[in-house]
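Encoded as structure tokens, here's the structure I'll be asking about.
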Amino acid sequence: MTETPLTGRARADRAPHTLSEWQAAGGYEAVARALKLPPSEVLDRVDQANLNGRGGAGFPAAKKWKFMPEPGKSPGDGPSYLVVNGDEMEPGAFKDRFLLEALPHQLVEGAIITAYATHASVAYVLIRDEYRTAIANVKRAILEAEAAGLLGRDILGSGFSLTMKVKPSAGRYIVGEETALIESLEGKRAVPRKRPPFPAQSGLFGRPTTVNNVETISLVPHILEHGPQWFRALSRTEEGGTKLYAVSGRVHKPGLIEAPMGTTARELIERSGGVSGNGVLRCFQPGGGASGFLEAAELDIPLDFGNCAKAGSMFGTGTMIVLDQTACPIGVLARHQRFYARESCGWCTPCRDGLPWVARILDALEEGTARPGDLEILRMTAREAGPRGRTFCDLMGGAMSPLATALARFGDLFEAHLDGGCPIRRGIL
Amino acid sequence: MTPQTSHLPEPLRDAILGAMDSFGGARPAMLESLRLIQHEEGWVSDDRLAQAAALLGVSAAELENLATFYSMIFRRPVGDTVILLCDGASCWLNGGDAVRDRLMERLGIGFGQTTADGKYTLINCACLGGCDKAPAAALGRDRRLVGPLDAAGVDALLEGRE
């Protein structure tokens, strides 16, 4: 059995399969298998597989699914929903684009099985506006599956029915936050909701809703096809499966790598052609823009949600950004903070006003116009607004994580910036 | 500038009604309506916004509320080709500043501006999901991803010799 179940069937040119090509490669067998089991059994298998959500938080997928009420057990009328989150916009992340463009039938398969296990009868795939090829390819896969009776009423004679639709978004990083995404689907500004109630109680249009990331959903068919034990054995740690890692920044061959969960940064960087620039690693972020900085001493940590958290960072989207010795982490941080400041929905004051303040100070540090008191403002903001901070959602808390780790690890470099701007750019360091 | 008519063109009207049907009513179809208008005309004018609001049965202010929140809905005319240039960290680490400078120099505009001849609009945007092609940009109606770019690559792109 393949060691790269998620991407093993993809073509080098990213061209998606037609339905018949996908079926010839074994596609939709997992659906047929799942629909012969009771939904609770499907859920149990995913539970046993230890599949953690791949969108950033790493919450166990089956645990989320268990909150979904059985038919007739939620008050009121209307369907339950599955929402597939394809609003990939985290700095450094480009994995979902690939899965959507190259493997749309895998996503449809995963959505059918997940909807079945969570008693959902309508599935939305929200895809960011810029991913035009992805939108077209998933739409086409849905039409093909509908025409073949794999979506719609009474799928494969199982009695289970599912309607699946693509909804393109129109910009804004915050749409990827699951409750903001639900607001967006309802036709509102993407402002996160207060929780509880959680989406499984009251989600889209007030109905029970599961929101899962594209990669999470795309892994589901393989669990049903090969079994939970096989899925767990793919991993080098307790967290099941392979991971679609991404490596970018200062490496010779940036790209996607499907590898066992728990693969080390050292191995991923090696497989990406090694560190570029001056060839010597300064630091890396293991999971996108909102993950804390790690250094050479952490190169051999098995990268998964638990181990990254233990190291004081976050696995996030599993999309690594690499810096060599000639790259300034404060410069990287400045780009991240400008991004998060720009993408704040504006609802919570610390985020709306605090992030631009942080971004301005980092710009001033780079330019050499910052004042000594500015570093204390950065420390105060990182402390007060960090994870589990004072905002509805995790946008600001996430943004503070690279700031806090940079302040802790690169204190001298911050101080050096006070004396005339970025010393790396000026060739002093 | 797109010539305005007092009514939505028939295909747009049908597409918006289709979105209402597909997405569960007028409200969930609001953003899609703006997207559909923009797909046809490049941007969303005041007239079109009012016409779509009337068709959806919502107030123009409600539709404007979405149009001003979602950053990829354009409420001003844009050039024939919109260039979304990534200003994220991975692109910066691979020479994004030089690409930005070259684009601004060649086009004579800054971010959020359109060239006088109406050919190009330049917008900064992150992350484009093209970090493996950093520095990356997305071009035109189909948001075609291009990269890795450098100054010479910008010249080639603008001169149509990729």
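Glycine too: its Cβ is placed from the backbone N, Cα and C atoms.
Annotation source TrEMBL lists [2Fe-2S] cluster binding site at B:CYS86, B:CYS91, B:CYS127, B:CYS131.
Could you give the neighbours, burial and distances for every feature on this list?
DSSP assigns B:CYS86 ([2Fe-2S] cluster binding site) to a strand in the three-state reduction. Long-range neighbours of B:CYS86 ([2Fe-2S] cluster binding site) (same chain, six or more residues apart, CB within less than 8 Å of its CB): B:GLY96, B:ASN124, B:CYS125, B:ALA126, B:CYS127, B:LEU128, B:GLY130, B:ALA134, B:PRO135, B:ALA136, B:ALA137.
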Using a Cβ cut-off of under 8 Å to chain A, which of the binding-site residues B:CYS86, B:CYS127, B:CYS131 qualify?
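Cβ contacts with chain A under 8 Å: B:CYS127, B:CYS131.
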Counting only residues 6+ apart in the same chain, whose Cβ is under 8 Å from the Cβ of B:CYS91 ([2Fe-2S] cluster binding site)?
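Non-local contacts for B:CYS91 ([2Fe-2S] cluster binding site): B:VAL99, B:ALA126, B:CYS131, B:ALA134, B:PRO135, B:ALA136.
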